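Peer 1: Copied straight from TrEMBL:
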- 1-25: signal peptide (SIGNAL)
- H84, H86, E90, H136: Zn(2+) binding site (BINDING)
- N125: N-linked glycosylation site (CARBOHYD)
Amino acid sequence: MTMMQSAWFISLFLSILICFQTLEASPRSTNSFPLVRNISKIPQGSYGIKGLSHATLAGSVLHGMKEVEVWLETFAPGARTPIHRHACEEVFVVLKGSGTLLLASESDENKEFPGKPKEYSVFSNSTYHIPFDDVHQVWNSNEHEDMQVLVVISRPPMKPFIYEDWSTPHAAARLMSPMVFDVQSPPKPKDEL
């Protein structure tokens, strides 16, 4: 048996093993939501951000997630998040399109307000992360196509502080908690037993 055939066989064996374990598992998660969901049927909304389509694929409020939360967001040309920071890490995977990440790092000299952010170009098949408490903004600066991103945050639910502009002092940033995503999530189903 060649090395390639051995790798294929091991891969097949592990796939079958996982399949059998999945068949034995309950088709529903512990909080009555299906383990497998169709993304196109997950509720989406703009949540007050012009040009944004947001869907929580796995979340703390809706699905009981404790360590991570996963979002799918689509930004129309020109759409952007508010300038904000939060006490959790955030990872983005750009699925399609391109745009700009504006980031004012906490490691910069000015500690009283964000100051002039650094600009980073982001593009399809790129990934970037936002460090804990760094002020940032995601912007679809591409005038011709949507930018779609998969977002993973740690320690949900996120509690962002919103800034009017890059010169707003940290002490004047407004806490937005609970998040509009959390408030507008459908209620959990009642246990009828």
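Cβ coordinates come from backbone N, Cα and C, glycine included.
Note that TrEMBL annotation is computational and uncurated.
Fair warning: this is a prediction, and the values are worked out from it, not measured in the lab.
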Peer 1: Using other CB atoms within 10 angstroms as the count, which residue among the binding-site residues H84, H86, H136 scores least?
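Peer 2: It is H84 that, of the binding-site residues H84, H86, H136, has the fewest other Cβ atoms within 10 Å.
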Peer 1: Residues other than H84, H86, E90, H136 within 8 Å, Cβ to Cβ centroid, of the Zn(2+) site?
Peer 2: T81, R85, I130, D134, V135, M158, P160
Peer 1: Neighbour count, 10 Å Cβ-Cβ cut-off, for the residue listed as 'N-linked glycosylation site': what number do you get?
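Peer 2: Taking all protein chains shown, the residue listed as 'N-linked glycosylation site' has 8 Cβ neighbours within 10 Å.
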